[in-house]
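Accompanying notes for the structure given below.
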Amino acid sequence: MVKQTIQIFARVKPTVRKQQQGIYSIDEDEKLTPSLEIILPRDLADGFVNNKRESYRFKFQRIFDQDAKQETIFENIAKPVAESVLAGYNGTIFAYGQTGSGKTFTITGGAERYSDRGIIPRTLSYIFEQLQKDSSKIYTTHISYLEIYNECGYDLLDPRHEASSLEDLPKVTVLEDPDQNIHLKNLSLHQAATEEEALNLLFLGDTNRMIAETPMNQASTRSHCIFTIHLSSKEPGSATVRHAKLHLVDLAGSERVAKTGVGGQLLTEAKYINLSLHYLEQVIIALSEKHRSHIPYRNSMMTSVLRDSLGGNCMTTMIATLSLEKRNIDESISTCRFAQRVALIKNEAVLNEEIDPKLMIIRLQKEIQELKDELAIVTGEQRTEALTEAELLQLEKLITSFLEDQDPESKLEVGTDMRKIHHCFHYLKKLLNDKKIHRQSTAPSENKDQNCQEPLKEEEYKKLRDILQQRDNEINILVNMLKKEKKKAQDALHLSSVDRSQLSHGQSSPFPPGNPDGPKTLPFSASTQALDSSTSPYRSSLLHRKTGMREEMSLGRQEAFEIFKRDHADSVTIEDNKQILKQRFAEAKALGESINEARSKIGRLKEEITQRHVQQVALGISENIPVPSMPDQLEEKLRSQLEEEKRRYKTMFARLKALKVEIEHLQLLMDKAKVKLQKEFEAWWAKEATSLQVNSPAVTPSNHVKPFPQMSEAQHERSQPLSNKSIPERPVSSVPLTGDSQTDSDILAFIKARHNILQRTGFQ
């Protein structure tokens, strides 16, 4: 059992504009606990007399300033918790702060650069890396992703639904058993055998999250999200299983409605967010007070789910995210006060071990059968029915395994049934009689063979045996030398054919299986294509399912989409990621070729060392001199070159694995940006089409325009590029329609979109 208080850390968000000096200071004395001092500016006071406090000081385990990197956050906060989860303890990391203070960036990460990965993807990478290193246990990993929006739980990873909106996802309900353990109904668990599968599940859940734009944050998460990693481990042959779970919680940001001035749906969301955070603070206050009998966990769904994390069987860490700008001083002080109350809570984390249920069932069934047999003996119950064929066959198998067992203390356990005991004795008697008959039949033939042999003299026999042994040794040496020479010729022929085939294909392998000592290699193109084929179908189907992307779009929509994509703010990020991805692919290809060269060189060096040994042995036999026990200077040189190539191979292979992880993450970032771009284009297109149909007189019954049979002029204008010279200003109502409502809507919306784009860019 590990008893400790909740660990609290602080992270300061970088400011957008130049920060006023003197608002906060960080004191990180090695002998004392680090502290954060927030200084209130003088101009915040009304009037000449100000009796308010001018500074506040708060203590944390560690404080990360504005220049702190994501890797530093993971190494100091998340890595110790992940190590405790691998050891069998429960863990929780949650971020708390006002809206726009950097909670989602800290937990999930940014979508622009690979270095901006948050705690969740870095923790997944670390856990799967440790699982691959530890081969002494059998590990099983499952993932779940829960979202709490307006006090309703939703499963973000539901496999049975293709949700187009949050309401289509199944609702998760909280159930409690008599032992006050929490169970979540309708929350699915997905097994993840590799890091790539876990990251795909994270990407799928992130696309379903509820995000909206608020005055404080352009992409504010309007819900609480709990990403949970369930880990179970078992040693081979052991009856105990260890279970552990890691909650990575991204809380929604609190905000003051009077300050932000939101309304409508955003106001409703803000009410539920502030209410759930209020209930969380009530639980924290109740846990920090001594002699408190009742803890209000059931007030909200979030506190019910995180019951173990707050004052229970868990090792919990809190990250207080602060936006220390002049306008956010009050919210930052409130966040720090909340963190100080959280630090007073003590958790008692225990090792989660239990006996394997399958082994427990087998043991109980065996015990029940033994008790039934003992009861039958005590009561004197006689069984008169005959044994079945299956029971007789099972008894014969037990007797056979008992006789073949070499252990002198082995036992033949058939229970207390006298029918089975009698059958075992009869079967053993039958086996013994059959063995005696077999011996009697083979004895005369053996005696006859022995009488036919002529005795040899002892001296002649010894002389012939020595001569035969000497000839055998000479023949074996010559045969081995011929085999080595033949193998060398075959290897040279095979190597030349492999080189010609590799030159014809022009590819090499970046991911050689196993260690560099192995003889097998894979072409680079095959492994790269396997990587792409394993990830691209999932991503393409995911993009098609989440965005509703049409396979065939009209020419107008295609041209409008290209212009929309070109003017979008994320287009620069997408292009940058494409260039980085091309560079990483090229680097991986070159690295794969270098790895193959290193493998070939290692093989050649090994062959040279082996050939050197064969030559020394042959020379010793032919000249009758002993083989030297120590390697000569040439062999030492070959061995040093071999070790150098092995070290070079391991270094390049480790770099190649890192490149593979970075390439997969960059592909996920690009897919996420494409999903966002497609969704925003669909919304913009629908809005333009709706407003055009409502405002245009061409679609009203009174001003109905007859369809034109020829569309050459409109098609010609549609095919022209967007420029101020080629597109004349034309009223929307004068556009000829086709009679098809869908096509008319596409044409009108496209022309209106072009008109708006030209006005915005200053062409008209």
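In case you wondered, yes, glycine gets a Cβ from its N, Cα and C as well.
A TrEMBL annotation is a machine prediction, not a hand-curated record.
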Which range of 47-88, 173-214, 299-340, 635-676 is coiled coil, per TrEMBL: 635-676
Local Cβ density at LYS103 (ATP binding site) - other Cβ atoms counted within 10 Å: 26
Fewest Cβ neighbours within 10 Å, where candidates are the binding-site residues GLN98, SER101: GLN98
